[in-house]
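S.K.: Pulled the feature table from TrEMBL, pasting it below:
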type	residues	note
COMPBIAS	7-36	compositional bias 'Basic and acidic residues'
REGION	1-36	region 'Disordered'
TRANSMEM	76-94	transmembrane segment
TRANSMEM	100-118	transmembrane segment
TRANSMEM	130-146	transmembrane segment
TRANSMEM	182-208	transmembrane segment
TRANSMEM	214-233	transmembrane segment
TRANSMEM	254-272	transmembrane segment
TRANSMEM	278-297	transmembrane segment
Amino acid sequence: MSPDAEPGARPDRPDDPDEPVRRTPDEVPTDTSDRLQRIEQQARLAGNEVRAQVRAGRRRIKAKSDEINARSGRNLVFAILIGVVLGGALLLSLLFIKQLFILFGVAMVGFVCLELSNAMRSTGRHVPRVPTLAVAIVIVPASYYFGPAGQWISLVAGILFLTAWCIVRASLRSEPPPRADVWNDVLASAFVQLYVTFLGSFTVMLAAQERGEFWVLGFLLVVISIDTSAYVFGLNFGKHKMVPRISPSKTWEGLAGAALTSLVVSVAVSVFLFDMPWWFGLVVGPVLLVTATAGDLTESMVKRDLQIKDISSWLPGHGGFFDRLDSILPSGAMAFALYFWGASLTLH
């Protein structure tokens, strides 16, 4: 502004022609203000549209998740997360510190024993929980360190101990229960040890063998592939029920898919983990398919006898530990037998 300019007068253009004209906010052109307002409005509209699309996407994801959960009968997100955690613990204990696999096996067998004991109490079969857990804690490491001899001796001693416990407990009551009820408790206690602890101890005993950790990992991969493929094929293609009175969700289409998958996985496992010829997998696959399916159906019969949907709800998305180990328990015993059969083949 020149020194002679009157106060309040509009500023002249600066002496330097390259210097931009400085304007007060009131002097901003109207068209510029309109453009700024339009840009701000468009930004708000775009933000609202993005938020609406995000909300719609969330609704679609939730609807699809609810549909899948309804078809599968479980929460798949929790099921996958828990499966990852258990799988990580298994690999850590099995491949890096094998002795930790004993603790892993004790934990798995112990949880199933407690689940089954609690479930049986709902039908009047009073399986002693703490003694049952104590017997399982003894049998599993005895099988690992002392083999079949330790397994059988601790099993027989454990069943005798539980029998004595049930008899003494009944005799100490102010009103002793009928003798038939006492023997029902004894038989239920023996069933828990025979089906859960005894069969489960074969997997721990297999891990103790030379290269046993690879055999455990291999047979678990086969069983998991059987369970997963049976579920996927049954969910998408299942139309013909296998045994609807025992397990309404099992279909022949699911079994066919599991059979095909088990052959592929078993051949790969036999070559890369078992160090056996490829044809050995053609035996392993069908054999484990039978044991895994039998274990699954056995658990379904137990639940039907107890009139419950799941043995427990300790594992969200899975039901309980028994629901996850039902196929593994009998398959572990068969894998132990296959290990020694395979060893005999390599000697000839």
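Numbering starts at 1 and runs along the chain as displayed.
A Cβ is built for glycine as well, from the same backbone N, Cα and C atoms used for every other residue.
Automatic prediction, not curation, is the source of TrEMBL annotations.
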S.K.: Taking 3+ C-beta pairs under 8 angstroms (sequence gap of 6 or more) as contact, is the transmembrane segment (214-233) in contact with the transmembrane segment (130-146)?
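M.R.: Judged by the Cβ rule, the two regions do not touch, with the required three close pairs absent.
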S.K.: Counting only residues 6+ away from its ends, which parts of the chain sit with a Cβ under 8 Å from the transmembrane segment (278-297)?
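M.R.: The answer is 219, 222-223, 226-227, 230, 243, 246-247, 250, 255, 258-259, 262-263, 265-271, 326-331, 333-335, 338, 342, 345.
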S.K.: Using Cβ atoms and a strict cutoff of less than 8 Å, what residues sit near the transmembrane segment (182-208) while being 6 or more residues removed from its termini?
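M.R.: Cβ under 8 Å, 6 or more out: 94, 98, 101-102, 105, 108-109, 112-113, 116-117, 120, 124-128, 132, 135-136, 139-141, 143-145, 147-148, 151, 155, 158-159, 162-163, 165-167, 170, 215-216, 219, 298, 322, 325, 328-330, 332-333, 335-336, 339.
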